[in-house]
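**Student:** Quick paste of what Swiss-Prot says about this protein:
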DISULFID  CYS19-CYS70  disulfide bond
DISULFID  CYS23-CYS46  disulfide bond
DISULFID  CYS32-CYS51  disulfide bond
DISULFID  CYS36-CYS53  disulfide bond
DOMAIN    8-71  domain 'LCN-type CS-alpha/beta'
MOD_RES   CYS70  cysteine amide
SIGNAL    1-7  signal peptide
Amino acid sequence: ATGNVWAKDGYLVIIKTGCKYNCYILGKNKYCNSECKEVGAGYGYCYAFGCWCEGLPESIPTWPLPDKTCGTK
């Protein structure tokens with residue numbers, strides 16, 4: 001706990017497509033961890049083939065996006 005009361009957890013989402021960041025090595029995952037940290041999260045790992053971030057800033061959108069489902073234009 002960093003004492004940041006505004007943090008949330010969630011799947012990282014690609015804003016353009018509404019898709020999750022895909023990952024294949026479940027659990028501890030370097031790619032997810034670095035992508036999550038890139039947007040200010042505490043850490044990230046691969047859960048159900050998507051990058052899950054813990055301790056995300058409130059301002060970072062997470063999956064699912066209200067107006068975009070992955071795969072539809």
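Each position is counted from 1, following the chain as shown.
Cβ from N, Cα, C; glycine included.
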**Student:** In whole Å, note down how far the CA of CYS32 (disulfide bond) lies from the CA of CYS53 (disulfide bond).
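**Tutor:** That comes out at 8 Å between the alpha carbons.
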**Student:** As a test of reading the model: what is the averaged pLDDT for the domain 'LCN-type CS-alpha/beta' (8-71)?
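**Tutor:** A mean pLDDT of 96 is what the model gives the domain 'LCN-type CS-alpha/beta' (8-71).
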**Student:** Looking at the disulfide-bonded residues CYS32, CYS36, CYS46, CYS51, whose Cα is closest in space to that of CYS19 (disulfide bond)?
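**Tutor:** The smallest Cα gap between CYS19 (disulfide bond) and any of the disulfide-bonded residues is with CYS51.
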**Student:** Which residues does CYS51 (disulfide bond) neighbour through Cβ under 8 Å, counting only same-chain ones at least six apart?
**Tutor:** TYR11, LEU12, LYS20, TYR21, ASN22, CYS23, ASN29, TYR31, CYS32, GLU35, CYS36, GLY44, TYR45
**Student:** Check the DSSP secondary structure of CYS32 (disulfide bond), expressed as helix, strand or coil.
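**Tutor:** Looking at the DSSP assignment, CYS32 (disulfide bond) belongs to a helix.
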